[in-house]
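Feature annotations, reproduced from TrEMBL:
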DOMAIN    35-133  domain 'Fe2OG dioxygenase'
Amino acid sequence: LHCYAKQVAELDKMVSKLVFESYGVEKYHESHVGSVTYFLRFTKYRVPEQNLNATPHTDKNFITILQQNEVNGLEVQLKNGSWIPVDFPPSSVVIMAGDAFSAWSNGRVHSPFHRVTVKGKGRYSIAQFSYCKKLVEAPTELVDDEHPLLYKPFDNLGFLGFISTDEGRKTQNPLKAYCGI
């Protein structure tokens, strides 16, 4: 388990480095990597008596790396509101940006709404979530007249606490409610 988590953490670092480089802000990557903590979660979705759709959500972390058994069920919402299945073999992973990554990029990286639909067969997944232990803040290089600052610097773990409050549960956009400008 430790070896798996370590390898997935290396993949997380590689993905974030590529994104930082693509925006020309690679000088911040080492600091970012030093501030990341990981949470590994196994999930078993039992076969329901009727089809089950989990509550649509965005992830609140920086990056999510997901692997599953041979039973698909992950769905992503398109901009037009429709849902599409994400079919991927058990030997592959899905990498999704979370709200913290979206805020860090000043809205350039999209944090997708997604859900799990369980139909007929049990589904197993393992996901590793990366969280920033320091303030999440858009680099000044990603803020300009075309891209005004969208979010105040915020504590990623504090944001997790906010979404469990009444206010955080009621809002359509928890990130904007927590730290939006």
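Any Cβ shown, glycine's included, is placed from N, Cα and C.
Because TrEMBL annotations are produced automatically, they should be read as predictions rather than curated entries.
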Exercise for the section: Tell me the residue counts in helix, strand and coil for the domain 'Fe2OG dioxygenase' (35-133), as DSSP assigns them. Expected result: 6 helix, 45 strand, 48 coil
Fill in the blank from the handout: Confidence over the domain 'Fe2OG dioxygenase' (35-133), expressed as mean pLDDT on the 0 to 100 scale, is 90
